[in-house]
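Now, the feature entries from TrEMBL:
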REGION    1-27  region 'Disordered'
COMPBIAS  1-19  compositional bias 'Polar residues'
DOMAIN    15-48  domain 'WW'
DOMAIN    61-89  domain 'WW'
DOMAIN    158-214  domain 'FF'
COILED    204-233  coiled coil
COILED    504-535  coiled coil
REGION    581-607  region 'Disordered'
COMPBIAS  587-601  compositional bias 'Acidic residues'
Amino acid sequence: MASPVTSPAVTSGTPSSAPQWKETKTPEGRIYWYNTTTRQSTWKKPEELWTEEEKAIDACPWKEYTSPDGKKYYSHKETKQTTWKVPEEYQGLMETLERIKQTEKIATTPVTPPVATTPTLPQQPPQPLPYTPSPPVYNRPSSTVSLLLSQPPDIVVDSPEKAMEEFHLLLKSKGVTTDWDWEETMRAIITDPRYRVFKTTAERKAAFQAYINLEAKRKREEKEAQEKKERQDFYAMLDANPKVKPYSSYRTVAPLLVSEPAFQHIATDRQRQTLFHDYTHHVRKLEKEQTKKLKKTSMAHFRTALDRIDVKEYSEIPLWKDIYQQYVMGGNNYEGMTSIDFIEVFQEYHQQAWERPLAVYHKRMEQQQHQDRVTRDGFKQLLGSLRQEGAINAYTHWKEIYPRVADDARYTNLLGVPSSTPLDLFWDLVDDLDRDLYDQRKKVQEYLKDEKVTLETTMEDYKSLLDAHPALRDQLDPVNIPLIYKEVRTAHHHCSLTKQSLFDKIQEKEMRKHQEQLKKQQRKTQKRIKALRDAIRHLDNPPLKPSDTWDAIEPRVKGTEAYMDLDQDEQARLDAFQQALSKVETKEDDDDEDDEDDDEEGIIKDR
């Protein structure tokens, strides 16, 4: 550093006990400070030399800087935010300090007293005053700045809520209203000690905004309460005037109400007209609701009267003409009801009067179907027990087991039951056994194709061959082993025939077997078609009509057992529907002929 040019020591605003700092200038004219005790130099003015004004500026988080092009900008020392615009807090501090300076300047300006015109006296030279040493004169800080900016706040708060309360009291005492902005408010309250109950400007602005919101809400609630009272008084005035009717017009009633205080308290005639329309609309709505309630009560009483009618049979359900004469024309007091209302209630009653017996019928049918299913399952168990005993195999005929089941209750209970008959269930079992026998015979022939099984092969020898193949033996039904033995012996016996003869016989046998299987399958399919046809014919609510289509009927029978039995056979299901439809059409033709005969006898049918 170049040799400084020493200037008189200035310790602005510091006590005599402060370290000995000397303000010095470099040859270039730049000021720095030198401590004569510690021999420390610094470009920044030491804090011991700061005035109260400089301390207040340093306490502000915003600092003023000058850019290289001479333009001033401001930086926040905590958030590092920079801005070209003067921050509100910094500007408020500067304005306060300037206002204090101006106040002190006026207060310290000497007042020159008026010069009195007195005779001139001879003057003697002034006598020197006794010399009294005095301490050096420092640049003393402004007493007002010191009091306003450095003194602790008068209000001590121990919680954010208490600080908010004190700050709001400050705003209220200064007369802050909802149309004030923050800059105007800050200038009014910054010198008050309560301003410093918050440490940051952000907290003060938040408290200010909360106060403004509360004030706005309070004024709004007061205004709403006043308007509500005026509306209630206006409505009470209309209720008390017998000349005001629900369908009166404002132009008609306004001259009758102009002298009423409640009428005059409403600010404008447009508001009065709006309130009047709201009132009449509300009254009409109440009358409409009362009429609707009365109508509902009368309809309930009418329905109760209909339900008291004792109906035991379909023929006892009353007709509309009788109900019309008795209740509508009979002078019964059903207020608020029209003829349409009577018809609606009667239609609902009439439909439910028919639904009750139909519901009983459907429930009885469901119970009967369940009982029929239990009966069929019982006969199936009987056939299964005979199968376990070996009494039924793939070659068994009905006449062979009939004597064993004729007196059994599980057989007699099934007689006359719709859908599957005992014979149908028997042939279903035989078909399954025949299929199993065919599959097991093919397995035996495959395993024993290299074994010599002749007509001389005994049953014991045959069983020995099977025992040599445990995997095969475990797959065979004991009932089918003698049947397979017989067929295998016969097949090996025919091996002596010519190849062509053997092929012809095998082909003939397979053809015959295929035809038998087709007949069995057709018989089973026809039985299932018949069951589905009967289910379609017995549909209720509504029953099957000639105009119905399969697409409309299919969802109604989709869950039935007859429908599920025809799995993946859409054509069979369609055939069952066509057969049912044909039966219905034939029945309607017969009914039409009967109707013609009835017409001739003078009976008029409803259409």
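First residue shown is number 1, and so on along the chain.
In case you wondered, yes, glycine gets a Cβ from its N, Cα and C as well.
Values in this document were obtained by computation on a predicted structure and should not be read as measured data.
DSSP assignment over the domain 'FF' (158-214) gives 41 helix, 0 strand, 16 coil. For the domain 'WW' (15-48), the mean pLDDT of the prediction comes to 79. Per-class residue totals from DSSP over the domain 'WW' (15-48), listed helix then strand then coil: 2 helix, 12 strand, 20 coil. Note: the domain 'WW' (61-89) comprises 2 helix, 12 strand, 15 coil (DSSP; helix = H, G, I, strand = E, B).
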